[in-house]
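J.: Sharing the features that TrEMBL gives for it:
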- 30-447: domain 'Major facilitator superfamily (MFS) profile' (DOMAIN)
- 35-61: transmembrane segment (TRANSMEM)
- 67-92: transmembrane segment (TRANSMEM)
- 104-124: transmembrane segment (TRANSMEM)
- 130-157: transmembrane segment (TRANSMEM)
- 169-195: transmembrane segment (TRANSMEM)
- 207-224: transmembrane segment (TRANSMEM)
- 268-288: transmembrane segment (TRANSMEM)
- 300-318: transmembrane segment (TRANSMEM)
- 330-349: transmembrane segment (TRANSMEM)
- 355-377: transmembrane segment (TRANSMEM)
- 389-412: transmembrane segment (TRANSMEM)
- 424-442: transmembrane segment (TRANSMEM)
Amino acid sequence: MASTIEPPVDNSGPDAADLDLPEESKMTKLASASILATALEWFDFLIYSTASALVFGHIFFPSLEGALGTIASFGTLAVGFIARPLGGIIAGALGDRFGRKGPLVASMVVMGLATTSIGLLPGYETIGIWAPILLITARLVQGLGVGAQWGGATLLLTEHSPIKRRGFYGSLVQLGTVAGIIIGNAFFLCILLFVDENAFIEWGWRVPFLSGILLVAVGIYVQTKIEETPVFKTMQAKANAATADKEIPKVSLLAAVRKYWKQILQATGAFFVVNGTFYIMISGMLSYGTANVGLSQTTMIMIVCLSVATQIFTIPFFGSWSDRHGRRKIFLLGTVLMAIWAFPFFWLVDTGNPFLVALAIIVGLTLHAMMFGPQAALFAEMFPADVRYFGASLGFQLASVFAGGLAPMIMVSLIEATGTSASVALYIIVMAIITFVAVYTIKERFQADLHETSQEVEEREAREREVSAHV
């Protein structure tokens, strides 16, 4: 098989990506804003995941008993994921034409309002069938918001960052996801510790959702205090300087799909096992640990929260490592190790020993970080500047539908159908195979200039083919 690694660009002189870089203090400000925005956005999104596992079956689907209620709750979780590609498409189209910042801010406002509305919803006993209908509606709006957010936050950092630290800064966006999970689970844990189960089901679960309004305030801060990325500014300058005889064409969505369908599918496949195992470990385990293993809700939330906290260190570590060794190599290693860990993971969890359950999840999330850390930079480097928001967002969000949102529901369904966790281990291995094939075919571009547009990429590749033809 031909090599899929492109030769690194020459960095001996000043790279285009380094000409308009903010000073270190500005990068710290950008990183802090991106982490906070992502943390609050994923706090909002993931408290829904926790509530689906613990309480939504009782509140919105009381007529469904046991596992059926949990499956229905996870079904509404999946609905939000279905809306995410649409959010990514809309934000991508706007972000590639008008700037990265605007769609990011809009996503935070939409997400904050949708999350707050969930905290205000009456249950099934109060308004009947309208309760799950309104829940699903709010969940769809949440999905649109999250679908728009990741691409904007990722490009805000990767397009500002120095070329040799792009993996590290890109990983900080992923770190915001982890922070959101920790805050969300800690929120639920505090409520469970201070109120009894009846009070939790009656009103306690609503408190984290009502805090979603904070995300609107962060959106306003980003809009007023954060600058547009140097890459997009360069695109605008090129467009403004273009003459009538050399106009820079705009790439339509259909043209972007036709030209970059392979990269979109590669990004989708690359995220399969990353997203699927993540939701199995942080959401599916809350349900499985309480219903099948026999641990308490409080114990499982503590285990998940402490396990996820280890990623505060592992995600930036592997992101930084990818700046030295490339994204693809580390990603592939993490994929193989995750497949190997699938069966031992459930062997440890099924013991019911809290320490072994925690060990299983910590190891699993460390392997997850090997892929999740370099991912933001990898996806940004796969697409030219004028289709980057659209392409990276769509690939990411399609995988979120088929791997992430469905994973907890598939997990519960497989265990109900087979009576064994081995079926879920096999499911993880299948996702790992999909991811391995996708990442193996991606070209390594970890030292590439992010300023190139689609037209410039085509011109460069044409010159390279011409040179090769004369060699």
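Glycine residues also receive a Cβ, built from the backbone N, Cα and C atoms like all the rest.
Bear in mind that TrEMBL entries carry predicted annotations, made automatically and left uncurated.
Keep in mind the model is a prediction, meaning the values are calculated, not measured.
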J.: Taking a Cβ cut-off under 8 Å, which residues six or more beyond the ends of the transmembrane segment (104-124) line up next to it in the same chain?
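T.: Long-range Cβ neighbours of the transmembrane segment (104-124): 37, 40-41, 44-45, 47-48, 59-63, 87, 91, 95, 131-132, 134-135, 138-139, 141-142, 144-149, 152-153, 156, 206-210, 212-216, 218-220, 222-223.
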J.: Three or more CB pairs closer than 8 Å, sequence separation of 6 or more: does that hold for the transmembrane segment (207-224) against the transmembrane segment (169-195)?
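T.: Taking Cβ pairs at least 6 residues apart, the transmembrane segment (169-195) and the transmembrane segment (207-224) are in contact, with 3 or more under 8 Å.
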J.: How about long-range neighbours of the transmembrane segment (268-288): same chain, 6 or more residues beyond its ends, C-beta under 8 Å?
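T.: Non-local partners: 46, 49-50, 52-54, 70, 74, 77, 181, 297, 300-301, 303-304, 307-308, 331, 335, 338-339, 349, 357, 361, 364-365, 368, 371-372, 375, 378-379, 395-396, 398-400, 402-405, 407-408, 411-412, 415, 421, 424, 427-428, 431-432, 434-435, 437-439, 442.
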J.: Taking contact to mean three or more C-beta pairs under 8 angstroms, with sequence separation of 6 or more, is the transmembrane segment (169-195) in contact with the transmembrane segment (67-92)?
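T.: Answer no: the transmembrane segment (169-195) and the transmembrane segment (67-92) share fewer than 3 Cβ pairs below 8 Å.
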J.: Out of 67-92, 300-318, 330-349, 424-442, which stretch touches the transmembrane segment (355-377) the most, going by CB pairs under 8 Å?
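T.: Ranked by Cβ pairs under 8 Å, first place goes to 330-349.
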J.: Compute the average pLDDT of the predicted model within the domain 'Major facilitator superfamily (MFS) profile' (30-447).
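T.: Taking every residue of the domain 'Major facilitator superfamily (MFS) profile' (30-447) together, the mean pLDDT is 87.
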